[in-house]
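S.K.: To start, I am sharing the structure in question, which I have written as structure tokens.
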Amino acid sequence: MTNPPEKTPENPWGPQNSSPEQPFGQQPVQGQPAADPYGQPQYGQPQQPAADPYGQPQYGQPQQPAADPYGQPQYGQPAAQDPNAMANPYAQQGNGQPGYGQMAYGPTPALTSWIKRVGSHLIDWAPITIINRITDPMIGGYDYASKTERVGTNPTLGFILLVVGFAWFIWNMVFKDGKTGVSLGRQVLGIQLVNADTGQPVGAGKAFLRQIAHILDTISCLIGYLFPLWDSRRQTFADKICNTLVIDTK
């Protein structure tokens, strides 16, 4: 009795084909390496360094400096300018001129001659001298020449004129002279009183102190007033005490 032919068992995964698309379970075509699902290179292929998920550079690769989260520049790199940074008003400008608040030094002004100083002094004190001459008989007082007591003709008016003379002194030779450096006499002759260090007006306080210091110029037999004739900075004793100079402005 003849045995029936044996049947070949069916492949549960289906027939194999040579299509480029390899279904799961089939062997890859010979000569083409299969892609490694874990990213490992095949034998004989050049190895590419995998990217570090933490951003660290691979060995042999140039290292790029990481950005500083606080905005500080890396060593050797120029600092980036902050757009919110306030410009320095005192910084030097690009054209070489000093910024606001800096003193621009020009040519040194010439020191005033002794003649001009005497002329300005006479102009400033002329109104006070005239008022004193007028009020002297009005107020009265002791006459040293005749050694007698004089009765004033109008003491009230004389006192008012003295107040006017004192107000002139305070306004002209303290406030005006201290704030601008020019009293009326200096303004007429084109000279100015300045601080010897800064070249600026000295202020009312130092101007008043300088007027008091002129007492030394007087009690020294007027030598203090003559001192500018031979002094290298043409200063009186009062100028040396208050550190002031008198310069030409025109």
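Using N, Cα and C of the backbone, Cβ positions are placed for all residues, glycine too.
Here the structure is a predicted model, which means the values were calculated and not measured.
As listed in TrEMBL for this protein:
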- 1-102: region 'Disordered' (REGION)
- 20-75: compositional bias 'Low complexity' (COMPBIAS)
- 112-243: domain 'RDD' (DOMAIN)
- 156-174: transmembrane segment (TRANSMEM)
- 212-230: transmembrane segment (TRANSMEM)
S.K.: So what pLDDT does the domain 'RDD' (112-243) average out to?
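M.R.: Summing pLDDT over the domain 'RDD' (112-243) and dividing by its length gives 94.
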S.K.: Just give the helix, strand and coil counts over the domain 'RDD' (112-243), going by DSSP.
M.R.: 87 helix, 13 strand, 32 coil
